[in-house]
Structure formats: structure tokens, C-alpha cells
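**Q** One structure, pasted below without further comment.
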Amino acid sequence: MPAALAVTLAMLAGCAAQPEPAAAPKSPSATPSPEPNQPAEPDPRANADLAAAVGANDGAAVRSALERGADIELRGEAGMTPLVAATKANAVAAATALIEAGADVNAKDDIEDSAYLYAGAEGYEEILALTLANGADLTSTNRFGGTALIPAGEHGHVGVTRMLLEAGIDPDHINNLGWTALQEAAILGTDGENHRETVRLLLAGGADPNLRDGQGSTPLANAEARGLWQLAELIKGAGGGY
């Protein structure tokens, strides 16, 4: 064998005999840590628990359901949000918890009731005050095209009328029937003290005593036509005519 070839083979044999370096030990695999500030998965029972909490007027249970991921604007029966449902039950504790958590006070159900509009129409002053302090739209209207002030005039809700006027609502908004809040009181009200005080507030708040309805009648004419003589006197005293 030529000497050069023998040397080359010897070198190769020496290289092959060299042990391979040991692989570095692998560190034990750690469980990947969650992304920072990643929200927890919502509890699948949270929405049902929220509905139950609203039904029970349980503010603490409402807050618990929301913390576990319940949808604060979830639509239920008749398109009601949890807040609309709470308002229709005059569930003050539940409504308070929902509003404090950011529920939309202007969200409407299938018949165009919102928490704000319904509270005003029904005289639920505590909930109305909360809606006014949390973004209630004073120009929002119900299915009859009326603002919250118009049904307050109809029902003689003194406190609601005062609150809405102080908030800056338009006293002369006209609904789809052609009626203002003053006309509503003259047409559908009574001569009782609540309606008298409501009419006083409306007139003091800038309601036009001569604004005619869709049939061309003034509030004075409508009040007298229904025998509401005390309301008629108040309207006449504020400059109302025929």
C-alpha cells in the first residue's frame, strides 16, 4: 500500500474513533404561561345566572354574573336587555348594578321601550334618576313618537315631570298623535292634585298653553271639553285660550 494512502486511512480511522460530544441536557418542558391580561373564559352559566339575578332583584348576584362573563346587553324575551327587564319590574337593586356596570340606558326592546323611557312613563323615579345620570337621551321617543315627558303628563307623575324639565327636556315635543305633554294632561288626565301640579310644572317649565293638537284644539279647549275645570283654570291663567 502506498505510504500516502496508509497515512490518510489512519487519519480517517482516528477521526471516526473520536466520541461524539454529549448533547446538552434538555430542560424540562414548562407549561406555557398565559398571555398577560388575557380574560378568563366566560362561565357558560353566567347569562342564565344574570337573568335569575335580575328576576330576584339581587344586585350582588348581578355583579357576580357580570364578573363571570355574562353579556350585559344580551337580548331576551321581547328583545329586552337585562336592564329593560329590571326596569319593567322596578327592580331597583338589579337596575342599579347593571347601570353602574355600564348597561345602555337607551337600548330599546321590541316595542321601543328603554329603561329611561319606561321608568319615566311608569313613574319609577329611582331608576329614572340613574338613567338621567348615566347618559339618557332626552330626545329618545317611544313607539308613539313621544318623549318621556308626554306619558308623565298623561299619568300626572309629578316627580318625573320635575326631573325631566330640570334635565332640559323639550316641554313642547309633539308625538305621533299631535299631542304635547300639556295636551296629554288635558286630554287623558284628571282634575286631581297630581295632574294639577304636573300642569303647573309644565307651564312653569315653558310649555306653550296655546299649542294646538292634530285636530286644531288648544289645551284649554280640550280640558274644558272633558270637564277638567281646574286644569282649564290653570291653563287659562298661563295665557291659554281657544
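Heads up, residue numbers simply count up from 1 along the chain you see.
Backbone N, Cα and C atoms are what each Cβ position is placed from, and that goes for glycine too.
According to TrEMBL, the compositional bias 'Low complexity' annotation covers 18-30. Annotation source TrEMBL lists compositional bias 'Pro residues' at 31-41. For 18-45, the entry in TrEMBL reads region 'Disordered'. Feature annotation from TrEMBL assigns repeat 'ANK' to 78-110, 144-176, 177-214.
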**Q** By a Cβ-Cβ criterion of under 8 Å, what residues six or more beyond either terminus of the repeat 'ANK' (78-110) are in contact with it?
**A** 50-51, 53-60, 62-63, 66, 72, 116-119, 122, 124, 126-127, 130-131, 134-137, 140
**Q** As a test of reading the model: what is the averaged pLDDT for the repeat 'ANK' (177-214)?
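**A** Per the prediction, mean pLDDT sits at 98 for the repeat 'ANK' (177-214).
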**Q** From the DSSP assignment alone, can you count helix, strand and coil residues within the repeat 'ANK' (78-110)?
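**A** Its residues fall into 18 helix, 1 strand, 14 coil.
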**Q** Determine how many residues of the repeat 'ANK' (144-176) DSSP places in helix, in strand and in coil.
**A** 17 helix, 0 strand, 16 coil
